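J.: One structure is given below, represented as structure tokens, and several questions about it will come after.
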Amino acid sequence: MGRADPEEGQPPAPVKPPDGGWGWVVLFGCFVITGFSYAFPKAVSVYFKELMKDFHVGYSDTAWISSIMLAMLYGTGPVCSIMVNQFGCRPVMLIGGLLASAGMILASFTTNIIELYLTAGVLTGLGMALNFQPSLIMLGTYFDKRRPLANGLAAAGSPVFLSSLSPLGQVLLEKFGWRGGFLIMGGLLLNCCTCGAVMRPLDMGMKRKTEKAQDKYEAKEMLPIGGKSEEGISTTDGTKKAKKAKKKPKKGKKLLDFSIFSNRGFIIYTISKFILVLGLFVPPILLVNYAKDTGVPDTEAAFLLSIIGFIDIFARPACGMVAGLKWVRPHVAYLFSFAMLFNGLTDICSARASNYTGLVIFCVFFGISYGMVGALQFEVLMAIVGSQKFSSAIGLVLLIEAFAVLIGPPSAGRLVDALKNYEVIFYLAGSEVVLSAVFLAVATYCCLNRGKEEPPPEKNPSTGGGSDTEEAESDVQEAEEHSSDNHQPTHSTDNAVVAASEDTNHVAEEQSGEGGGCPEGDGEVLARDGCNTDQTVERDSF
């Protein structure tokens with residue numbers, strides 16, 4: 001009776017997120033995956049000096065290992081979306097964990113830098129990409145009301161793992177060399193398989209319970225009390241088989257949903273995120289060299305990144321808690337704009353810092369703003385497209401960000417080599433981040449909120465509504481089909497029941513002609529007598 005059956009080619013009805021329970025285990029798995037995905041490419045840099053000595057290459061050659069990892073993490077987004085939509089999150093994450101581990105293990109046996117690019121760069125990067133994106137998708141299915149907090153806690157995995165993997169890599173390098181370190185790192189990446197194993201699909205048990213309850217309800221509604229139950233059951237089974245035969249030719253599930261580009265909010269978010277990535281990663285990449293050029297010792301210059309990471313650990317969960325407040329969550333896009341504006345102004349105001357104290361102050365404020373951006377970026381995307389289309393949306397967004405990652409930091413490095421001036425780079429990066437914040441806020445207000453403020457035109461029940469979308473019309477049509485199907489089995493039951501039903505339907509039609517539809521509050525009663533509750537819900541929602 002109107003239930004979407006997966007066997008008939010229709011997508012199953014979405015299950016309500018539990019906002020807890022097994023979701024906390026999923027959150028911990030997402031925390032670990034996020035930490036490996038973002039921190040691992042940076043932690044590998046501790047091995048670069050040894051690689052330069054063994055392979056007789058320069059620093060730029062070894063830096064390509066981290067660049068290839070990040071390029072695979074961002075650039076393979078659509079591939080991950082297609083695999084998730086086809087096979088599900090858990091199998092994709094298990095394969096990704098094996099690939100990431102195999103890449104580092106094979107890298108420990110390489111004999112030249114090209115082999116390192118293919119193993120540690122391509123293979124490990126692809127494995128982490130196949131883990132990162134599905135973990136965020138699963139997080140969105142398990143959390144709704146607490147989703148901002150969940151996103152903030154999961155995003156905190158990046159600074160936590162960065163502060164732990166880098167010292168661990170240094171210890172492994174001193175005791176076992178870079179080959180032993182790569183081998184042990186590959187073993188650590190097998191934990192991604194464990195995280196993938198706990199990503200249990202949410203609708204497995206819930207769907208079975210729902211189907212059983214609905215079958216019992218159908219039997220009670222369609223069969224009279226006492227008498228001819230066997231005849232009614234056989235008629236019901238025949239009706240279900242006939243409906244399945246009619247609904248067999250259905251379209252398959254889209255592997256990559258490009259219809260999200262018709263969503264204006266998604267277009268605005270994508271453009272803003274592209275501009276943001278152009279300048280967001282430039283300051284932390286150039287910070288250590290900038291501090292050294294101002295006369296700061298090497299150890300103190302390296303400690304600046306630790307300050308950013310320590311502040312970032314607490315900023316992300318705190319920002320997630322703020323974003324989850326009732327009066328903040330409807331305006332989370334503006335909070336994201338504020339975080340970007342805060343980050344951009346921090347870059348601009350700190351461009352002329354000439355002593356260690358000024359750089360420490362910059363690191364504190366940059367850590368706060370950077371943590372806010374990291375905690376809100378995927379929460380805003382989930383709020384825009386919803387959990388059903390998030391798998392396709394994040395893949396396309398990461399692909400677009402990949403181009404910005406390949407443009408921003410390398411261009412900044414070339415400008416430093418040409419101008420020998422870090423001040424201009426900080427001004428430029430800060431301006432790009434500020435521009436993205438202003439664009440997101442202004443476009444959201446002008447293109448989205450103004451449309452919401454306009455009151456929708458009143459519907460005339462006699463005409464069925466003149467401005468419904470195609471999706472609403474198809475839903476109403478399908479609801480009418482189900483309503484007509486529900487009346488067919490009653491002809492095989494008692495005649496008295498049929499006559500009573502027809503009389504009640506006649507009264508309901510007269511009321512709908514005089515009063516304009518079903519009266520409020522009587523939906524459950526009239527549903528049994530012929531008034532379609534699905535239609536009432538659709539009209540009220542529009």
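For all residues, glycine too, the Cβ spot is worked out from N, Cα and C.
Automatic, uncurated: that is what TrEMBL annotation is.
Straight out of TrEMBL:
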type     : residues : note
COMPBIAS : 468-478  : compositional bias 'Acidic residues'
COMPBIAS : 486-495  : compositional bias 'Polar residues'
DOMAIN   : 23-448   : domain 'Major facilitator superfamily (MFS) profile'
REGION   : 451-542  : region 'Disordered'
TRANSMEM : 21-40    : transmembrane segment
TRANSMEM : 63-84    : transmembrane segment
TRANSMEM : 91-110   : transmembrane segment
TRANSMEM : 116-137  : transmembrane segment
TRANSMEM : 180-199  : transmembrane segment
TRANSMEM : 266-291  : transmembrane segment
TRANSMEM : 303-325  : transmembrane segment
TRANSMEM : 332-353  : transmembrane segment
TRANSMEM : 359-378  : transmembrane segment
TRANSMEM : 390-412  : transmembrane segment
TRANSMEM : 424-448  : transmembrane segment
J.: Mind checking which residues reach the transmembrane segment (332-353)? Cβ under 8 Å, same chain, six or more beyond either end.
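T.: Sequence-remote neighbours of the transmembrane segment (332-353) are 148, 272, 276, 279-280, 283, 294, 319, 322-323, 359, 361-362, 365-366, 368-370, 372-373, 376-377, 379-380, 383-384, 422-423, 426-427, 429-438, 440-441, 444.
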J.: In the same chain, which residue numbers or ranges, 6 or more beyond the ends of the transmembrane segment (390-412), come under 8 angstroms Cβ to Cβ?
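T.: The answer is 67, 70-71, 73-82, 84-85, 133, 136-137, 140, 254, 256-258, 260, 266, 269-270, 273-282, 285-286, 378, 381-382, 384, 425, 428-429, 432.
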J.: Six or more residues beyond either end and a Cβ under 8 Å away: which residues meet both conditions relative to the transmembrane segment (116-137)?
T.: 29-30, 33-34, 36-37, 40-41, 44, 51, 55, 64-65, 67-74, 76-77, 79-81, 83-84, 89-90, 92-93, 95-104, 106-107, 110, 154, 182, 189, 192, 195-196, 199, 378, 387, 390-391, 394-395, 398
J.: With Cβ distances under 8 Å as the criterion, find the stretch in 63-84, 91-110, 180-199, 359-378, 424-448 that has the most pairs with the transmembrane segment (21-40).
T.: 180-199
J.: Using a Cβ cut-off under 8 Å, which residues of the same chain at least 6 positions beyond either end of the transmembrane segment (180-199) come close to it?
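T.: The answer is 25-26, 28-30, 32-33, 36, 40, 44, 47, 89-90, 92-94, 96-98, 100-105, 107-108, 120, 124, 127-128, 131, 134-135, 138, 169, 172-173.
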J.: So what's near the transmembrane segment (424-448) in sequence-distant terms, Cβ-Cβ under 8 Å and 6+ beyond its ends?
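T.: The answer is 264-265, 268-269, 271-273, 275-276, 278-280, 282-283, 286, 290, 333-334, 336-341, 343-348, 350-351, 408, 412, 415-416.
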